[in-house]
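Features as listed in TrEMBL:
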type	residues	note
DOMAIN	6-90	domain 'Methyltransferase small'
Amino acid sequence: MLGSWVQTKSAQHILDVGSGSGLLAIMLAQKAQHNCLIDGIDIDVGAIAQAKSNAKNCPWALQLTFKNSSLQQFSTTTAYDLIVSNPPYFSINLSANKTHSTKSRINARQTVELNHPTLLKEVTKHLSSSGKFCCVLPFDTAKIFIVDAESVGLYCIQELHVRPNPQSDVTRLLLEFSRKKETKISTKLSIYNHLSSYSEDYIALCKDYYLNF
């Protein structure tokens, strides 16, 4: 959903933080200008290998670059017009995890390696003066995240409240931040309608990426 919602507009350089298998970066390449360059970084070696493979097999391969790196160690002189991330938000003890996930994959989805204040601080280092930072977070976490963002000079200018259906509580927020304070635009979206079918708003948002729409 984040990839459908984010506006690439005139972005020339995009950074995808925690890119995983590269799906979000590829979605952005699909709707960005043909000369837009997109960098994806992730701490998981296997995920980056998969992202490179996926990129090689897509029509926008020349626009995509993936690197095995944490955001803290990522070295570049590029000032990005757009930075996107699906940040880690699980506070799970690694020793309590009984799945077969590797430690790096678990860390990629938790705040162990990259907590939110650190993420925001690093984003400000790589964001251009007029750039935008977009992410998706659980509702409760997002409220704290917005406050943390303001402390480093990033202001929420747009938020999409997402809920499973019209009767449900909001579960996620899609957020857009800017270095410049603006009147915040707040909108709502239900994924399903009262008939348990995809809502018209959800279909309109995601139709470019889902064949069954």
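Any Cβ shown, glycine's included, is placed from N, Cα and C.
Where the annotation comes from TrEMBL, it is an automatic prediction and has not been curated.
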- Message: For the domain 'Methyltransferase small' (6-90), how many residues does DSSP put in helix, in strand and in coil?
- Response: 24 helix, 23 strand, 38 coil
- Message: Averaging the per-residue pLDDT over the domain 'Methyltransferase small' (6-90), what integer do you get?
- Response: 94
